[in-house]
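Accompanying notes for the structure given below.
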Amino acid sequence: MDFNREHKINFLYVLAAMVGVLLIQSLVSQPDHIRTIPYSEFQQLASQGKVTDLVVGPTRITGTLKDAPKDSPRHFSTLRVDQALAQSLTNENVTFSGEPEPGPWPTILGWLMPIVGFALVWMFLIRPMSMGPGMDGMMSIGKSKARVYVEKDIKVTFADVAGVDEAKDELKEVVSFLRDPRSYGRLGARVPKGVLLVGPPGTGKTLLARAVAGEAGVAFFSISGSEFVEMFVGVGAARVRDLFEQARKHAPAIVFIDELDSLGRARGSAFPGGGGHDEKEQTLNQLLAELDGFDTSIGVVLLAATNRPEILDPALLRAGRFDRQVLVDRPDKKGRAQILEVHLKKIALAPGVPVDDIAALTPGFSGADLANLVNEAAILATRRHAENVSLDDFTQAIERIVAGLEKRNRLLNAHEREVVAHHEMGHALVAMTLPGVDMVQKISIIPHGIAALGYTIQRPTEERFLMDRAELMNRMAVLLGGRAAERLIFADVSTGAADDLAKASAIARSMVVRFGMDPTLGQVAYEPETTSALGLPNGSEWRPRQYGEQTAAAIDAAVRELIETASACAFSILQANRGLLESAARDLLAKETMSGEELQALLSQLGGGAASASVLRDGGDGAADAGQDRSGEHRALTVEGGEAQ
């Protein structure tokens, strides 16, 4: 944008307004109730005694006529030309007075005060409306709100981005194009007009876009998709045009649109019956038009980020617009270690802390989660006045993030503590008995978070993306282990297993209606995906079911049978190890927390797992895609806990 031209236009507006104010003042300042008369007429009136209340100045005389006509002004003014006037007035017995001629300041102030007043009005009212962030710019409402970062402002490079090597390799091509746009036309190649960064929240999409600008050393325009649309019709389209115009003037440059899904949602999807948001659609149409007329040879690249690619308009993703999609997924163990290396440089780390062990303890964590973990660990170390951050600080920080804050002021009575201890130990013993189940890392009966009265944390031993039928059944058995322990020891169940039961029911229903793992209903997908390709809730509108009442009853029966089978498995394991369950629960009551090493000492005393595992394998086979099921994203840390009511 030409800022000098904009300021020049504003100055012309102010100058024109000032001239108008001065003209109005000059017209108003000329009184129409004073009549100017010749000095000879004044002498004649004075000699006849028809004037009074004279004010005699060095150059002008003003006064009042005694008997003025009704349609004529009573006040008069004349220029003084007679130096012997005072003597003449005295001889005629006319009252008069003298007044010194005013200096130049009253006249100057009379002209300046309107100017100053208008300037103050412009500074405090008009200018904030056009420029201030608080009132969103009524005079610049059609201007883009993109924040511009010039080359020296971008301090982020690819060295600051870790754990997403594949995405960095894709974007390095964009950097080389920005450095030398003409080289890509040598063999007829065309650089993609738009690059769409797709990934779950917190994986570093915005950081990658800034790193591209930092590596290329070009201007970086950053704007959110929600900033285009306002309450006025046509504003969004105007801002899209202005954004691309600014980018062309600052070329080479990068235009980054964050949260593209708020702008590029599929047209006609605002209501199930059709229609849509006309203003958003108009803004999207303008964006599509700009992308069609976008000449990449000028050195401008459009980047965008979203975590909901499935709701974007197909016209936006076609070849020639956003024709390249770069997946920025949650990092694996190696990627997490690389991300931790970047963030650990900012804190005082104790010597000998194994980064790989921390990475192994954080499956499913995104880059933002890991940054938060390092900060939480540093806060915990500061709280205990330590010289540096130890591995124990990271372990406690993981527990705070996964299970929530400790609530030691939430006091339980003796019976409730026993129920919670047996509940959590039931989870742990079933998990340690069944094969292929994530290793138990820690159990606790200290209340955490909003509702958890205790928790059991499991940590996967490896990255997994597929789960077969037996593994899903084992997972349900672990979830129902706490409820089975309550039924075995106390001959009753409590409300603390409500969350476990809901999770087990969700797995069982997915096995029946999505994975086709029920032999009676067959290999049919009765319900669509409930999560997006990135493992997030797709937020789609309600869809009517595609099956009848008889099939619905069969589905309910199959789900119930799977849950009952898993519950029976957990109960049989705990019944075979009842003595161990009771003794381990007593230890847990005394210690309140038990680590994975302490639990491993109980492993040699366990029995009854093989028979129970064979029961779970009966009834069919199959595999579930954990990447699509997302019942455990990348086999993330699993937490089972009693729920407070």
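Every residue gets a Cβ built from N, Cα and C, even glycine.
Taken straight from Swiss-Prot:
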- Glu424: active site (ACT_SITE)
- Gly199, Pro200, Pro201, Gly202, Thr203, Gly204, Lys205, Thr206: ATP binding site (BINDING)
- His423, His427, Asp500: Zn(2+) binding site (BINDING)
- 627-637: compositional bias 'Basic and acidic residues' (COMPBIAS)
- 612-645: region 'Disordered' (REGION)
- 1-8: topological domain 'Cytoplasmic' (TOPO_DOM)
- 30-105: topological domain 'Periplasmic' (TOPO_DOM)
- 127-645: topological domain 'Cytoplasmic' (TOPO_DOM)
- 9-29: transmembrane segment (TRANSMEM)
- 106-126: transmembrane segment (TRANSMEM)
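Summarising model confidence by region, the topological domain 'Periplasmic' (30-105) averages a pLDDT of 72. When the Cα atoms are compared, Thr203 (ATP binding site) and Asp500 (Zn(2+) binding site) turn out to be 29 Å apart. The number of other Cβ atoms within 10 Å of the Cβ belonging to Thr203 (ATP binding site), over all protein chains shown, comes to 27. Geometry remark: Gly204 (ATP binding site) versus Asp500 (Zn(2+) binding site), CA distance 32 Å. Over all protein chains present, the Cβ of His427 (Zn(2+) binding site) has 33 other Cβ atoms lying within 10 Å. Closest by Cα distance to Pro201 (ATP binding site), from the binding-site residues His423, His427, Asp500, is Asp500.
Of all the recorded positions listed here (His423, Glu424, His427, Asp500), Asp500 has the Cα closest to the Cα of Gly199 (ATP binding site). For the pair Glu424 (active site) and Asp500 (Zn(2+) binding site), the Cα-Cα distance reads 11 Å. Among the binding-site residues Lys205, His423, the residue whose Cβ has the fewest other Cβ atoms within 10 Å is Lys205. Per Cα geometry, Asp500 is the residue among the binding-site residues His423, His427, Asp500 nearest to Lys205 (ATP binding site). If you draw a 10 Å sphere around the CB of Thr206 (ATP binding site), it holds 17 other CB atoms from the protein chains shown. The most densely surrounded of the binding-site residues Gly199, Pro201, Gly202 is Gly199 (count of other Cβ atoms within 10 A of its Cβ). It is 34 Å from the Cα atom of His423 (Zn(2+) binding site) to that of Pro200 (ATP binding site).
Sorting the binding-site residues Pro200, Gly204 by the number of other Cβ atoms within 10 Å puts Gly204 first. In this structure the C-alpha atoms belonging to His427 (Zn(2+) binding site) and Thr206 (ATP binding site) are separated by 40 Å. Highest Cβ count within 10 Å among the recorded positions Glu424, Asp500: Glu424.
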